[in-house]
Amino acid sequence: MASSGAAANLWVLLGLGIAGVLLAARKLKRPARPDHGAFIARLELLPPPQPPPPQAPHPLTGLCFAIADALHVSGYITSFGSLEWAKTHDTETQTSPVVSALVDGGAVCVGKTVIDEMAYSIHGENKHFDTPTNPAAPDRVPGGCSSGSAVAVAGGMVDFALGIDSIGGVRIPGAYCGVLAFRPSHAVVSSGGVIPVAPSLDTIGWFARDPSVLRRVGHLLLRLNYADIRPPRHFYIADDCFELSKIPARRLTQVVTKSVEKLFGRQVTRVNLENYLASKISSLRNYSNGHRNGDSKFPSLLALCNAMRSLHKHEFKDQHMEWINSVKPAVDARIVSNLSEDGDSDIDGCQDVRNKARLALGALLKDDGILVIPTTSGCPPKLNAKELSSESYNSQTLCLSSLASMSGCCQVSIPLGTHDKCPVSVSFIARHGCDRFLLDAIQTMYATIQEQVEILAKSNVSSKQAMNEEAAEAAKEKGNAAFKEKQWQKAVNLYTEAIKLNGKVATYYSNRAAAFLELTSYRQAEADCTSAIDLDPKIVKAYLRRGTAREMMGYFKEAVEDFSHALVLEPMNKTAGVAINRLKKLFP
């Protein structure tokens, strides 16, 4: 009898233990949902029959998609991320032209997806419909406002999905969920049949896992005719923007630089966007010292962000404050707090900043340039994290998204694998109206970018070596600046520092040789050029500089050989041709 009682107690204890484990697991892990909570309504909009041969089939045949619940579908109420909105609005009688165009193009629309309440936030949280589960990082927010659409694509439930992007509503969830996300140039895609948020900033964007799908959707929505792919000629990496990111800059930029070198044989150009914007948009200073706090190291980027937030709030209130005041819905406290803040900026001034931002980025990028920035300031925050309410987090993230939002430029967020088990990404921005160019660039580069991501992930390079390589590049850039200022010895010292950190880069030796030539240290210049040529036999500048050094030391025959070699590598090189003719006249 005693043994049976002990056994019973044992089973009770086991039962309590299992229950405790299950309870703990339930607290640690959200319950699995078949669609990750992405959808608020399932529907089916079928395309028309295929045209008879020999006509081509519909361009999006075989694809299915979802739409953010700010786009209208006839026969359905658009909830705009709010049950109270849905209760006070009627069933729609017309479908958004964008949705109709995709269906007519052969795709099947399968549902409407969750958005942040009234499409106002960038976090992806929604108290009415619950927060969709980020398939790439279930304990992290999916990003907003178009959270459900990003989740539906990331979870493989649809081939592509539409979202709305005013201040980052497509780009941020795309980055957080690890999928491609495209924000088109402002006003190039019809905004009819969509609930407006802030018309000066609003765009309809889209998500996809496959760059060819992203491009096919873009060609249909942008109504583009067939044309040859035009490769990018210039890539500008905004180094200061990468300082805003908590992800190591090299982790993001190396993939781009290696891909550009492999595909196009070109070097990227490093730019300081902070200084560039300050020089082009003088009125930004009016928004640097407002009521928002930010990193004073980037006053121009912060000012652009502040102008965007003021414009966003002002236009949102114009569109929806009447409904909020009349219905008095229980709107999220963070929205209420933001809308109730005093001190709206001069909206005409914000529009002026917007127009000048478009001109500034257009002048930088022209028709063949791409600006490279981080999409967000770091990994997606954890669910319910205090960080989500942090002004620092919001400002840094919105500083990055304000570039395209305020300039109206097109932008694509590109996944680059993971960091600390979370998705990371980088963004390409092209000037307003260059949407085809940007879509074609992604189509061309995506496979190589992912290949470089894998190479980086598998690399056995130690973290110390990686840090040395990054520090060496920084020292080289400082050396270049000193050289331009004719501070020859300072340039030599900085190039020497770069060589000590990473002695396998030919450019460092060649650049130091140029500084030695200015100091009339011809022997050192010759030695550096020889080192550069040993590392890279095709480095033309090293042959030219060694030829100059040898000519100055009286080694005329060897100098002619160097200039001749440079001419073989670059037949149109005038410096080499002039030097050879000069030496042959002096020493026939």
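Just so it is clear, glycine is given a Cβ too, placed from its N, Cα and C backbone atoms.
Where the annotation comes from TrEMBL, it is an automatic prediction and has not been curated.
What TrEMBL records for this protein:
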DOMAIN    58-439  domain 'Amidase'
REPEAT    472-505  repeat 'TPR'
REPEAT    540-573  repeat 'TPR'
TRANSMEM  6-25  transmembrane segment
Same-chain residues near the repeat 'TPR' (540-573), Cβ under 8 Å, at least 6 residues beyond its ends: 506, 509-510, 513-514, 516-517, 520, 522-523, 525-526, 529-530, 532-533, 579-580, 583-584, 586-587
Helix, strand and coil residues within the repeat 'TPR' (540-573) as assigned by DSSP: 28 helix, 0 strand, 6 coil
Model confidence over the repeat 'TPR' (472-505) (mean pLDDT, whole number): 96
DSSP-assigned states of the repeat 'TPR' (472-505) in counts, ordered helix, strand, coil: 27 helix, 0 strand, 7 coil
